[in-house]
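For reference, the structure is listed below as structure tokens.
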Amino acid sequence: MSLPDTAGLLLSSVARLVTGAQGHWYGCVPKAEQRIYFANHQSHLDWVLIWCALPRELRSRTRPIAAKDYWTATPFKHWITREVFNAVYVNRQRTDDQDPLEPLVDALRHGDSLVIFPEGTRSSLGDPQPFKSGLYHLAKQFPEVQLIPAWIDNVQRVMPKGEVVPVPILCSVTFGAPMQLLPDEDKRTFLERAREAVTSLRKLSGSA
Amino acid sequence: MGDVLKQLRGWTASEQIGLLFIIVFGLLGIATMIGVAMSVRAEDEARTLRAERFKRQLRTTWVMVTVFWIAWIAGTFVSLLLFGLVSFFALREFITLSHTRRGDHRSLILAFFVVLPVQYSLVGARYFDLFSVFIPVYVFFAIPVISAVANDPERFLERNAKIQWGIMVCVYGLSHAPALLRLDFRGYEERGAFLVFFLVFVVQSCMLLQDYVGRHYPFKPVAPRISSSFSWGAAAIGVFGGALIGALLYWITPFKAGQALGMALIACAAGTLGDFVMKALKKDAGVHYWGNEGRLVTGAVGLLDRVAAISFAAPVFFHSVRWYFRL
């Protein structure tokens, strides 16, 4: 087994020990189809939880988005995002000549699945913030890729902002039914519908 | 029969324990076959469901016995580690359903990563005097201090009470079970595993008996808003039945038959009432089972449902044994 594989296994066992890392598939099953998973965003652990909930054979083809400036800043951060998670790097600083979605588009063309957090930033409040438009553009450009909403529950209690040591608390990821961009749906309606799809999973996940 | 027992007493500890596991695994094997027969013969839905339920309970027992067996083979350190893990998972479940606030973060870190390992190390090191006061005296002093430093007065008493209860039930209570492994009876060295087995078996039988009686002979519930099934009648039958089983098992313990009866009585009463208290805590947390029959939610597997009675019975049993035999 290679070093990145070992690191991944170690990481997922720690995540399981701390959070239980349960995946509940309600609207779909974990299958090797090209997909864009989109979820609420509460902590750095969100991605790890989704990654743990996926079957191992899907992990290498399901890629997270990582902010280039932050996740390549040290050799270790760079190594773990590149080798273990196979992340797609995006620039946070906007330049005029480059579309920030371009790396994502490349990955989807290449046949990979993506995990995105359309709120943009982490929010500690209960309800997810309004979604940014990236999801809409990707949905429009890749109508054949399934869009899977997901609700991540309880993670904010494991490691609140500003704390470094996680507390063991059970967390879960609930995956919902695939959705699609309707023929003449406008951006605002679609994004609101997508956000609704994520929020509605919250009741299924059991938290108040 | 008497001769056989006398002969068995002459065996070495590991031979006796080997025999014990052969008997237990044999019984489990028979029960599993009964379970298979039940599901083969089940015609209607109700019977299929009952067979499924039975098999699910058996699976848990298989896992518990196997873990226990591995722990015995691998020695004290591994058994402490295993019981420590059970404590850890039980506490994780308890805290998940107790809805703590951000200000509790440091207290929880203390509970999981300091209190739990220290408590189990004290068992391992046989510091029994410190072991029985470490949590109720020192930890119960430290937790509210750390919570107060976090500067969040909202529902302060309630939050601390929840964390302290969690530690008490899941860490303090459970750690008394492996502590039995470390008790030194004269002429009974290295047979601590029998005491743990005695406690678990007697309490578990008592709970099963109660469950059965409660289901088939409905007595008047004591506190219907807390539990529709807990009644003094069923509890008494369970406790005395458990005590009787304990008396019949006296030959695997350092006790005489009467002593075994008394100790089993104490353990069963504590376990029964403790389980009842846990039901009240569950109702307060808004769940019926800690595991909600698998269809859950937070991902809790219901470990607490299974260890609650032991958590309450173990400290009382441990203390009674130590006090009575002046260990």
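Every residue, even glycine, has its Cβ placed from backbone N, Cα and C.
Note that the structure is a prediction, hence the values are computed from the model and not measured.
What TrEMBL lists as transmembrane segment is B:17-40 (among others).
Annotation source TrEMBL lists transmembrane segment at B:61-86 (among others). When Cβ-Cβ distances below 8 Å are used as the criterion, the transmembrane segment (B:61-86) is approached by residues 17, 21, 24-25, 28, 31-32, 116-117, 120, 123-124, 174-175, 177-178, 181-182, 193, 196-197, 200, 303, 306-307 of the same chain, each at least six residues removed from its ends.
Residues 80-81, 83-84, 87-88, 91-92, 95, 100, 130-131, 134-135, 139, 142-143, 146-147, 149-150, 160, 163, 166-167, 171-172, 175, 178-179, 182 of the same chain lie 6+ residues outside the transmembrane segment (B:106-123) yet bring a C-beta within less than 8 angstroms of a C-beta in it. The transmembrane segment annotation in TrEMBL covers B:106-123 (among others).
Through the fold, the transmembrane segment (B:130-151) approaches residues 102-107, 110-111, 115, 118-119, 122-123, 159-160, 163-164, 167-168, 171-172, 175, 179, 319 of its own chain, all at least 6 residues removed from its boundaries and within a Cβ separation under 8 Å. The transmembrane segment annotation in TrEMBL covers B:130-151 (among others).
Look at TrEMBL and you will find B:163-181 (among others) tagged as transmembrane segment.
Residues annotated as transmembrane segment in TrEMBL: B:193-210 (among others). Same-chain residues lying 6 or more positions outside the transmembrane segment (B:193-210) and placing a CB less than 8 Å from one of its CB atoms are 16-17, 20, 68, 72, 177-178, 180-181, 183, 234-235, 237-239, 241-243, 245-246, 249, 252-254, 260, 264, 267-268, 271-272, 275, 309-310, 313-314, 317, 321.
Per TrEMBL, transmembrane segment is recorded for B:230-253 (among others).
The transmembrane segment annotation in TrEMBL covers B:260-281 (among others).
When Cβ-Cβ distances below 8 Å are used as the criterion, the transmembrane segment (B:301-325) is approached by residues 60, 64, 86, 89-90, 93-94, 128, 132, 169-170, 172-177, 179-180, 183, 185, 195, 199-200, 203-204, 206-207, 254, 259, 263, 266-268, 270-275, 277-278, 289-294 of the same chain, each at least six residues removed from its ends. Here TrEMBL flags B:301-325 (among others) as transmembrane segment.
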Distal contacts, the transmembrane segment (B:230-253) - CB-CB under 8 A, six or more residues away:
5, 8-9, 16, 20, 194-195, 197-198, 201-203, 205-207, 209-210, 213-214, 217-223, 259-265, 267-269, 272-273, 276, 279
